[in-house]
Structure formats: structure tokens, C-alpha cells
């Protein structure tokens with residue numbers, strides 16, 4: 001790229017300076033590595049833990065939709081990140097660093113769609129867990145219907161909303177990155193992000209209350225069958241809330257930092273190239289989230305499965321030795337006493 005700067009569009013010069021900015025460049029490589037690394041825990045969790053888990057089919061359908069969307073997002077963004085890292089090596093001119101408008105618009109549309117689909121699933125998971133709590137005694141017998149219907153509905157709803165926003169998108173030039181949202185729809189897209197963040201925050205608070213209710217129900221039932229049913233609901237609810245917590249933390253941080261940098265970043269960075277580099281660096285947080293949620297889910301599932309086994313074994317022992325065992329012992333003595341009294345009365 002030894003071309004003269006004369007008659008070169010400003011966008012091409014900006015793309016060149018940003019592409020070789022050390023902060024931007026290093027974080028683009030970091031994003032590529034994290035997206036590639038996220039494929040392994042996500043695939044392992046879905047195939048070898050989630051599909052083989054004892055979760056009810058409704059919850060399992062929603063979790064498959066949630067983690068499946070994240071996995072597809074990682075694959076699509078991995079391709080896009082590879083293109084962004086590759087362009088500086090193969091470009092002969094500064095303008096070659098810009099992604100062509102039609103590819104940029106398609107890539108950004110797919111990115112926003114796949115990034116926002118998982119934000120709907122925590123809300124549906126909490127709703128499904130609420131139904132499971134209310135029907136805890138016989139929920140395991142409920143047929144699998146609610147989960148798949150909710151999963152399909154959420155994907156279609158998000159697709160409709162994203163297309164509604166992108167209907168007004170005006171893309172006349174290329175972009176150095178697929179993740180930079182077109183200026184013509186940036187405000188609406190960020191409002192959508194804020195709305196989903198608020199909903200997810202309220203949802204997490206409600207999920208926490210739901211978990212406490214599950215714990216109370218589990219303690220209030222003394223029969224072995226009821227304990228087994230409630231333990232299953234409690235464990236799966238606790239796992240879901242742990243995943244929701246990771247989701248809200250990363251998505252909330254990403255949304256907050258991205259919006260602050262876009263609208264207030266110029267107060268901290270006078271050089272637009274430095275600001276663009278920092279914005280691009282923080283946008284790689286989503287790849288970190290994809291990796292973190294995969295690893296965290298494998299870990300959470302392992303921990304709660306072990307705790308569930310210990311809890312069930314403890315319940316079985318309690319029936320014989322604990323408070324329930326004492327009640328059973330008193331009942332047995334009372335029955336023996338009644339039978340003895342009845343025999344004595346008959347003999348007189």
C-alpha cells in the first residue's frame with residue numbers, strides 16, 4: 001500500500017489508520033481467537049451435557065435455542081472476524097480495507113440478529129420456570145410443547161424487529177468492520193439494546209425471587225416423591241438463573257460501554273482514530289461473552305449435577321433418620337400401641 005495520499009477518499013485513509021492502530025489490530029486478533037475458542041465449550045455443552053440432561057423437555061428446548069443461537073453467532077462472526085483480520089494482509093490499496101456496502105449491510109444485519117436472539121431467551125426461560133414451579137408436583141408428566149413454541153416465536157419476533165429497524169438503513173459506503181452499526185439506524189438499534197437490557201435486568205430479579213420460592217417449596221414438602229420432583233425443578237431453575245446472570249452481566253456491560261463510547265467518547269478521546277480503536281476493542285466483548293457463557297455453563301451444569309446427587313442421597317437418608325424418620329418412627333409405635341390395645345380389649 002504505497003499509494004499517494006492524493007485523491008484518496010477520507011474513508012479509505014481512516015480505514016487504513018484504524019486497521020493498523022495497535023489497539024484495534026490486537027483486539028481484532030483477540031476476537032478471532034475467542035470466537036474460535038468458544039466453539040468448543042458451546043458444542044460440548046449442547047451435545048454432551050444439555051441434550052443428555054434430565055431437564056424437562058420444555059426447558060431443554062429453550063436452552064438449546066439459547067445456546068444454539070450463540071453457537072451460530074460464533075460461527076458467523078468467526079467468518080466475519082477472519083475477513084477483518086485478513087484484509088490488511090491482502091489489500092493492495094487503502095480503499096481495499098473497506099468492506100463493500102452490500103456485504104457490510106448483510107454481515108451487520110446477521111450480527112445484530114444473532115446477537116439479540118439470545119437476549120429474548122432468558123425471559124422465556126423464566127416464564128417456563130414459573131410454570132414449572134406452579135406445577136412442580138406433576139410437571140415432569142407435562143408434555144413438551146411450551147418450550148418449542150416459545151423458541152420458534154422468539155426467533156420470529158426478533159427477526160421481525162431487526163428487519164423493522166433495518167428497513168430504514170442507508171448504507172452508501174463500506175465499513176472497516178461488520179460490528180459498526182450504520183449511522184442511519186444506530187439510535188434505533190441502541191434503543192432496542194437498552195430495552196432488552198432493562199427487560200433482562202427485571203427478568204433476572206424476578207428469577208431470583210422465583211428461585212427463593214422454589215427453595216421454600218422444597219423445604220415445605222416431606223414426602224420422598226415430592227422432594228424428588230421439587231429438587232429437579234430447583235436444580236434446573238438454579239442452573240438457568242446462573243446462565244441468566246452471566247448473560248445479563250456481559251450484555252449489560254457491552255451495551256452500556258458501546259453506547260457511552262459512541263455518544264460521549266469524543267469527550268475522552270480527541271483523536272477520532274483513537275476513539276474508533278477503543279470502540280472496536282470494546283465491541284470484542286461479545287466474543288468474550290460467547291466463550292465465557294460456554295465455559296460457565298459446562299461448569300455450572302457439573303456443579304449442580306453433583307449437588308443434586310448429594311441432595312437426593314441426603315433426602316433418602318433423612319426419610320429414615322431425620323425429622324421424617326422420627327415421624328415415621330412415632331407412627332409405627334402408635335400403630336403397634338393401637339394394635340396391642342385392640343387385642344387386650346378383645347380378650348376381656
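Glycine is treated like the rest: Cβ placed from N, Cα and C.
Keep in mind it's a predicted model, so treat the numbers as computed, not measured.
Over in Swiss-Prot, the protein carries these features:
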- 31-51: transmembrane segment (TRANSMEM)
- 63-83: transmembrane segment (TRANSMEM)
- 107-127: transmembrane segment (TRANSMEM)
- 145-165: transmembrane segment (TRANSMEM)
- 191-211: transmembrane segment (TRANSMEM)
- 241-261: transmembrane segment (TRANSMEM)
- 280-300: transmembrane segment (TRANSMEM)
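The transmembrane segment (107-127) is not in contact with the transmembrane segment (31-51), judged by fewer than 3 CB-CB distances under 8 Å for residue pairs 6 or more apart in sequence.
At the 8 Å Cβ cutoff, the transmembrane segment (63-83) and the transmembrane segment (280-300) share at least 3 close pairs (sequence separation 6 or more) and count as touching.
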